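Here's what TrEMBL has on this protein:
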DOMAIN    3-259  domain 'Heme-copper oxidase subunit III family profile'
TRANSMEM  15-33  transmembrane segment
TRANSMEM  39-56  transmembrane segment
TRANSMEM  77-100  transmembrane segment
TRANSMEM  127-145  transmembrane segment
TRANSMEM  157-177  transmembrane segment
TRANSMEM  189-217  transmembrane segment
TRANSMEM  238-257  transmembrane segment
Amino acid sequence: MKKNHPFHLVTKSPWPILVSFSMLNFLIGFINLMNESPLLFYLSSLTMMINLTQWWRDVKRESSIKGDHTKIVKEMIKMGMIMFIMSEIMFFLSFFWSFLHSSLAPSIEIGMKWPPKGVTPFNPMEIPLLNTIILVSSGASITWAHHSLLSNKLNQTIKSMIITITMGLYFSILQWWEYKNAPFTISDSIFGSSFFMTTGFHGIHVIMGTIFILTALESILMMKSNYLNHISFELSAWYWHFVDVIWLFLYIILYWWNK
């Protein structure tokens, strides 16, 4: 049936409900992982990635093969991404608010001192500073990739995206090492809770952003995206810049503030 409108009415798909159940099992498995029972976590991670891969495959087919993503559909997709990033800003704002509330007016429960007694914060001039340089540099490389793609220089686009992905993975490895050698834990007062919740969720966003850019790179390599049609890459770049900016605030408030 031929449509007489510029909008895209999605067809029935099993992937949303399957991804929802996979995410539910993933979170339950993550809790079990803390109790040294990793099986559900690994299985749910695998099923979630399989379901997401199939879902993204269908979306790419709708865009590149079926031509369902008209100009107005792309504008609405971009608007949806903007609203999503705005909600993420509010999400991190709540963590910053909690940390500043506790640090600017320490309560008697933590000895009216910040950082609380017995808590030794990280040196902001060591791994945190290196991670800052890495993320800022990755923001430059993803911008290089964007301008190269607009100029139809695919080799430069691919190289700069690989550099960005590599730096994202490097950041995640360094954060894991930092957690492994942390002088305090998530249970060490409001300082430990706020620190690990904020940096942990940011770390998850870095991993998500790395996967996002990786899928955009796959689209370019498979010729599903080009200098005229590259919305997946554009949205991944937006998301990566958001992750960069959040880290700068995080570095200043959670690391530099307590030096």
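We count from 1, first residue shown onward.
From the backbone N, Cα and C atoms, a Cβ is placed for every residue, glycine too.
These numbers come from a predicted model, not from an experiment.
Packing against the transmembrane segment (127-145) from elsewhere in the chain are residues 156-157, 160-161, 163-164, 167-168, 170-171, 174-175, 177-178, 206, 213, 233, 236-237, 240-241, 243-244, 247-248, 251, 255: each is 6 or more residues past its ends and has a CB under 8 Å from a CB in it. Within the chain, the transmembrane segment (77-100) has long-range Cβ neighbours (under 8 A, six or more residues past its boundaries) at 69, 190, 194-195, 197-198, 201-202, 205, 231, 234-235, 238-239, 242, 246, 249-250, 253-254. In this model, the domain 'Heme-copper oxidase subunit III family profile' (3-259) carries an average pLDDT of 89.
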